[in-house]
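One structure below.
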Amino acid sequence: MWDFLIPLFAATVQSGTPILYATLGEMMTEKGGVLNLGVEGIMAVSALAAFWASFVTGSPWLGFLAGGFAGMVMASLHAFVCVSCLGNQVVSGLALTILGGGLTHFLGVPYVGLAAPGFDPFNFPLLSQIPFLGDIFFKHDMLVYVSFVIPVLFWFFFRRTSLGLHVAATGEMPAAAAAAGLKPIRLRYLAVIAGGFLVGLGGAYLSLAYTHLWTNGLSGGRGWIAVALVIFAFWRPGRAVVGAYLFGGVMAFQLRLQAAGTHLPSSLLLMLPYLLTILVLILSAWRGRRIDAPAALGTNIEPEG
Amino acid sequence: MLKIRKRDEPWKWGALVVFLGALLFSLVLSALLLKGQGKDALYGLTVLWQGSFGNVWSLEDVLLKAIPLFLCSLGVAVAFRMQIWNIGAEGQFALGAIGATWMALAFPGLPRFVLLPLMFVMAFILGGVWALIPAVLRLKLRVNEIISTLMLNYIAILLLDFLVFGVWKDPASYGFPMTPEFTEGAIIPGIAGSRVHWGIVFCVVVGIGLWAFMRFTRLGFELTASGEGARVARYAKIRYGMLVLLVMGLSGGFAGWAGCVETSAVLNRLQPSLMVGYGYTAIVVAWLARLEPLNIAFASFLLAALRVGVENMQLKLQIPAAFGTIMEGIILLTVLAGQFFLTYKLVRKPRQE
């Protein structure tokens, strides 16, 4: 029993990690009042950028940063269109996903099937020796350990720093924030671009740790799952962790079933994460916590005059 | 210093200027992208143009691709008008194709005038039902329809895979995932021996029908009014829930028809290569056309031409088809940014304050 469960839980943590980065990234963006549906496209582009940088420089850490940077660049397009030009946030995000998918298929051609240096799992000193928990949480790659810290930093940023409170204020009432002497436009840019950075780290995880290879379609719907998880998590980092591992679990379980050679057709197994996303949305809607959404989410700040 | 000012009166021709500007901008960016890949950019754009409009063969191809795009975009636009974000045209398209195939395989012996209508009806029903799932979830539980329609796209495509790899697979296909070829009665014929089929006439009828419905019926008026939001609709004593169901059913049904037409007239069987992203391009088309049926016809033609032109580039310049997707993304982003100038203008602000 444990021989089956412990590797499954360990795989859960690994496949939940990119979703966790992306969910926190989208949550950061939405906290500032901007909906970014481009997560799927951003993840794809940053996965390619991370792969490319690691391939060229030989340093996976540079790759990781390049992934985050690519996420920032993509997100700043969204920020420009929505925050400065008052474009529709839903459509702009979709456009970003379309663009991102196209860019990776176009620019990634020379790298398909190639391998780049990535992150390998290692036993975290001391902690990996804890029974059960050590096997599940502390025999991974470095990026998983980084992902343990980020939700805490996220929480600290929004609860304990004034900048975090200012960002949240523009997500709630931009007009009031402006009246209080804050700069809502600037804060929104910050939220969108910082969020893009986090999403980009999630994309980088896919090409540098999840696989060390470049293939097309690496994001495989994870970006959309992340958007759904932000709702499920009621815009709280702690619940984002729970949600991300829930999906990681289903993905790991589904892969294991396929590898074990069940009689179920693989196309039906592959539906599981998408069905679960809908289920998760139903559950979170059923609990009726819509009040937790930033009040100004999705509405642009109209310039006066 | 420049300052933002609201326009006192709307900018005549502004929408067209923004649209053409976006097109031009995307062409320039794509040329740069080609150059970055070490290709001859000017030659590339010539190939793009010739591929789309160069000869009768490619024009036929453009019309063929414009048909499913037009039907999907009509569906998307109807929902968007009411601020229902149906991103699920891709999945509804797949379900339509499944419905049509189901009828074609179940009654292969029927004559065309019975079988084709059956296929269309079933495609509309399955596409519509697929869109009603997120509609009901939204009305009853306030589940975000953007994500549910998207997830249903993934599920629909996997369902299609499941069918063509499994129960519907042609035993004589040497292991390829495809159904047997349809019988004659299940195929929409070409017009006067050309490759362009009668689906195009169907599009014209559906387009005019929808336009008339929006323009002249009470329901159509209520629909546009509800675009202002559920609250406004309720004040105007409009049954908002009913309208959402109607709109989503129509929206999915149209996409389903597109799937039916494409399967029947172009592929003559169901196979995974049916899914080339018409449902996603439809979102671009609908938004570029500012949700107006007549504009949608024009924009579908244009984006179909882009697809055909890119296929030509693919052949002659050895670039992936994704090049077209990039251009679609750029055009849409630029139009979104450019629409700023429809409501606002930048004026010079005097230096002293």
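Count begins at 1; order follows the chain as displayed.
Keep in mind that glycine also has a Cβ here, set from the backbone N, Cα and C atoms.
Feature annotations, courtesy of TrEMBL:
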- A:6-22: transmembrane segment (TRANSMEM)
- A:34-55: transmembrane segment (TRANSMEM)
- A:61-86: transmembrane segment (TRANSMEM)
- A:93-116: transmembrane segment (TRANSMEM)
- A:136-158: transmembrane segment (TRANSMEM)
- A:189-208: transmembrane segment (TRANSMEM)
- A:214-235: transmembrane segment (TRANSMEM)
- A:242-261: transmembrane segment (TRANSMEM)
- A:267-286: transmembrane segment (TRANSMEM)
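At the 8 Å Cβ threshold, with sequence separation of at least 6, the transmembrane segment (A:6-22) comes into contact with the transmembrane segment (A:242-261) through 3 or more pairs. Sequence-distant contacts of the transmembrane segment (A:34-55), counting only residues of its own chain at least 6 positions beyond either end whose CB sits under 8 Å from a CB of the stretch, comprise 18, 22, 25-26, 62-71, 74-75, 78-79, 82-83, 89-90, 92-101, 103-104, 107-108, 111, 114, 116-118, 188, 191-192, 195-196, 199-204, 206-208, 214, 217-219, 221-224, 226-227, 297-298.
Among A:61-86, A:93-116, A:189-208, A:214-235, A:242-261, A:189-208 has the largest number of CB pairs under 8 A with the transmembrane segment (A:136-158). Taking Cβ pairs closer than 8 Å, the transmembrane segment (A:61-86) reaches residues 25, 29, 34, 36, 38, 41-43, 45-55, 92-93, 95-96, 100, 116-118, 143, 185, 188-189, 192-201, 203-205, 207-208, 300-302 in its own chain, all 6 or more past its ends. Same-chain neighbours of the transmembrane segment (A:189-208): 17-22, 24-34, 36, 39, 42-51, 54, 60, 63-64, 66-76, 78-79, 82-83, 116, 118-119, 143, 147, 150, 167, 170-171, 214, 218-219, 222-223, 226, counting only residues six or more beyond its ends whose CB sits under 8 Å from a CB of the stretch. Long-range contacts of the transmembrane segment (A:214-235) within its own chain (CB-CB distance under 8 A, at least 6 residues past either end) are made by residues 18-19, 22-23, 25-27, 30-31, 37-44, 47-48, 51, 97, 104-105, 108, 111-114, 116, 199, 202-203, 206-207, 242-244, 247, 273-274, 277, 280-281, 283-284, 289, 292-294.
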